[in-house]
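Report on the following structure.
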Amino acid sequence: MATIAGPAVELLRQQKKALRLAMKRTLRNFPLESRLEEDKAIQKHVLSADWFAQSRSLCAYLSCAALREVDTNQIVASILQHDASEMAKELYVPRIVDREANMVMLNVSTTEDLVTNSMGIVEPDFTDSGGHPRKSVLEASHPVDVLLVPGLVFDRSGRRCGRGGGYYDVFLSKYLELVKDKNWKRPLLVALAYSVQVVADPVPIAETDVPVDALVLASGVLPVSDYAIKLMSTEQT
Ligand SMILES: Nc1nc2c(c(=O)[nH]1)N(C=O)[C@@H](CNc1ccc(C(=O)N[C@@H](CCC(=O)O)C(=O)O)cc1)CN2
Ligand SMILES: Nc1ncnc2c1ncn2[C@@H]1O[C@H](COP(=O)(O)OP(=O)(O)OP(=O)(O)O)[C@@H](O)[C@H]1O
């Protein structure tokens, strides 16, 4: 096996590296006004979706402007600033643990819980303001309904290429395993992407890459898995 897997793995690594480089260039050339326009439209689609309104617990990434990630500030603010008439939603956000692709999703209840780390990414501390450890989504007594994931390149089948850390792939495989073990309802994996981040050719993937169920684009919500098509069928673009 090793004689076959070796060169194949190396080829895939090179293909992904080239794809990431090309997409970073594309994003640099994507005009700011278009980016802001799409940020607004994408977040509006999320905020007005039934699957979002009905969700009680979510994981979401905290967008990094320098990385030109689709903005999640309005979504995060909306989750944290529910008014008395609405049911509160629980939010978990990523926190890097080490350089070995380990990441946890920690519960936060206010934007004051978030601080910018050395990589320019906003993250929560491991402990809350009272010094108590924050709850990890892996320790929660119930599953999240929706996971909003970042990424660099996507195709229309939901294949995803991230920044190369493997953080999301490792976390998602762990989390989906837990969901299966507990017999929980599977969460919807939803990626937010600018129009230029969806490519026509299939994104090269390995067995460990976890595809998403749906993409939210400026043009609308695009469910891609059978699971998402069933759950989001009224919202296809
Ligand atoms: N907003 C956000 N939070 C996240 C992620 C993410 O992609 N976006 N992650 C998802 O994994 C984890 C952090 N992983 C990261 C991986 C790479 C870079 C980064 O700055 N990469 C540079 C290149 C750095 C280099 O090659 O030396 C880049 O992509 O331009 C940032 C975060 C957890 N939190
Ligand atoms: N479930 C997993 N278990 C162990 N290693 C993994 C797993 N998933 C990915 N990796 C490893 O992580 C590294 C980066 O993977 P990949 O290129 O798929 O990351 P990415 O999707 O770009 O990043 P991210 O998931 O952080 O957005 C690879 O060496 C890959 O083998």
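Even glycines carry a Cβ here, placed using N, Cα and C.
Feature annotation from TrEMBL assigns ATP binding site to LYS16, LYS17, ALA18, LEU19, ARG20, ARG160, CYS161, GLY162, ARG163, GLY164, GLY165, GLY166, TYR167, TYR168. Cβ neighbour count for GLY165 (ATP binding site): 14 (other Cβ atoms within 10 Å of its Cβ, all protein chains included).
Within its own chain, LEU62 (substrate binding site) has THR72, VAL76, VAL93, PRO94, LEU114, ILE121, VAL122, GLU123 as residues 6 or more apart in sequence whose C-beta sits under 8 angstroms from its own. The substrate binding site feature in TrEMBL is assigned to LEU62, GLU69.
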Mind telling me which of the binding-site residues ALA18, CYS161 has the densest Cβ neighbourhood, counting other Cβ atoms within 10 Å?
CYS161
Looking at the binding-site residues ARG20, GLU69, CYS161, GLY165, which have a C-beta within less than 6 Å of some atom in ligand 2?
CYS161, GLY165
Using a 10 Å radius around its CB, how many other CB atoms surround GLU69 (substrate binding site)?
22
If we take the residues LYS16, LYS17, ALA18, LEU19, ARG20, ARG160, CYS161, GLY162, ARG163, GLY164, GLY165, GLY166, TYR167, TYR168 that the record assigns to ATP, their largest CA-CA distance in Å comes out at 20
How many other Cβ atoms sit within 10 Å of the Cβ of TYR167 (ATP binding site)?
19
